[in-house]
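Inspection log for the structure reproduced underneath, given as structure tokens.
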Amino acid sequence: MDDNTAPKKNSEKKARVFDLQAMFAQTISNAPRTEEPTHVPQSVSVSSKSESGVSSSAVSDDEDDFMPDLPPGFQMQQSEAGPSSSRAEGPEDSDDSDFDETEAISIIKLIPAACEAKISHGTQAISALRVEPPGVRFASGGLDYYVKLFDFQKMDMSMRYDKELLPAESHVINSLAFSPNGETLVVASGEAIIRLLDRAGKQWSETVRGDQYIIDLNITKGHTATVNCVEFNPLNKNEFISCSDDGSLRLWNLDDHKVITKCINKHRKVIKTKGANGKRVSPQVCTFSPDGKWIAAGCDDGSVQAWKYGSQYVNVNYLVRKAHNGSITSIAFSPDSKRLLSRGFDDTLKMWSLDNPKEPLLVKTGLENAFKSTDCGFSPRAEVVFTGTSSPNKDTPGTLQFFDPMTFDLVYKIDYPGISCHRIQWHPRLNQIIAGLSDGTIHVYYDQTMSQRGVMSCVTKPLKRNRASEVVREDMVLSPLSLEMFQPRGEEGEEKEVTGWRIKKYLRMQDNKLRPEFRKPADMPINGKSANGRVAASGGSLHSYLAKQIGTARNAEFLKDTDVRASILKHAKDAEENPLYIDKAYRKTQPKKIFQETAVEPEDQDDEELQPVFKMPRTK
């Protein structure tokens, strides 16, 4: 290989130079244009879609159909396009038709009140009503102190309750609340203790009662007065809030339950409600917002107060001081947590915006209210606002009214002659309305097309009849004495006639055969130092070894002596030479021992025995 053909050294090579601008321009020119689908005609642009009212959700649904880009100039055949081709040719027309169909649905058709089922709780008014979030059960409480659990899966056409409970003895049930998973039922009554029940209706915990002699509400561990309302956090199944006449709202957590005391020993947070003069006011109702960011309370002075969840709860974040002229009976958030409904004793229903607490958005007057538990609320999608009215006399019926949330115009009404309607629940999953009345009955409204499960499975379930009294049974005569085993066999005298004696004798014989005499088996031999609590030999355990060393081996010689006097006298010489106690003290002062012979001569000269000094008679 010559020098001309030899490879060049690295030092002689030149670095390559890249033109970034040219490369970027070439990349842009070669990149595929994906702004518009190639199978959509050019006449339909993005601007036309926005003008026609196509929502972002519709565009996102089309983008979910993943397919490669088609080559330019490609046209689909009419047979291949199918029904989707008409959609591509005129999206504006299809969207307009869908919009018109939505507008055609009236608000009345959104209320599931085509059918009705009637359930009896008792003879007293319904004071509490709540459906669990899964929609399998619901609970009702009344002025008769009872809580009744209704299970849709177990009920038939009789509409009978599943369980009847008396959780608070002689206290009125004020409020009920189910946990988001339906495992726990919280009962608020006329006492200061909140009861927690499981699915079977058994109480597994309760809250501690506070000290009513302590003024500071932060120091007391629990409520000191009647609990008016309880509500679970929609985002936390272990947290719930309660309000009481002691002027406080308290946050509790199920994780604080103590197994030993079977009690929640202390609250997590305390929220104080104060009036315009700074004094304590009693909250009557409390609730969480659906997104869990707000806690609201309605007080007996007519004020609506709300706090942001997780704050210090010192200052109120939302306050309407004169929301109503009387006590507030119910408050409810809208599904978007931006509006608030309030119902008061001033016979009004008001809607508030969380952005503007000065003036209500809408006001509805003339709604009779005679119960402190009259509910109000939104439908699951906020198309309707509902509330109940009371019946002041037999001529004026109580009603369940539905209003337009934009104007508060009455769109639907259900009358109850001479009966008040105050407890109302609209379950979002079942799409059924449950109303509690003042006569102790519960009315469930549903629609066969819009509603699902719930009471619909009960109205079609046949009623089971009690047939115990209709069964014809064959009577049997039992005469055991006629059997051969009880016949007399060679007995003489009265034994032939005493039949009871023969029965007892036979039973004793059978009993002895069935129960043989118990014999304790012999112990198995021990292989080792110990087994089954037994020691093989003395000294096999630490206790035996110590006892042997301290007691037996040390006193072996002493135990051998049978003559006690001789064993003591053998130490006499040593004690005389080396005294330890008394003799050592008298060695110098009294070297010669002098013993007392007698104190006083006895009167009886014949008695030569000496008597103790303390027994000698006194001499004159």
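Backbone N, Cα and C atoms are what each Cβ position is placed from, and that goes for glycine too.
Predicted, not measured: the structure shown is a model, and the values here were computed from it.
The annotation compositional bias 'Polar residues' is assigned in Swiss-Prot to 75-87. Per Swiss-Prot, the feature compositional bias 'Acidic residues' maps to 600-610. The region 'Disordered' feature in Swiss-Prot is assigned to 28-99, 593-620. If you look up Swiss-Prot, you'll see 121-160 marked as repeat 'WD 1'. Under the heading repeat 'WD 3', Swiss-Prot lists 222-262. Under the heading repeat 'WD 4', Swiss-Prot lists 278-317. The repeat 'WD 5' annotation in Swiss-Prot covers 323-362. Positions annotated as repeat 'WD 6' by Swiss-Prot: 415-455.
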Long-range environment of the repeat 'WD 6' (415-455) - Cβ separation under 8 angstroms, sequence gap at least 6: 110-131, 133-135, 138, 140, 142, 144, 152, 155, 369-371, 373-377, 379-380, 386-391, 393-394, 397-400
Helix, strand and coil counts within the repeat 'WD 4' (278-317) (DSSP): 0 helix, 18 strand, 22 coil
The repeat 'WD 1' (121-160): DSSP-derived helix, strand, coil residue counts: 0 helix, 17 strand, 23 coil
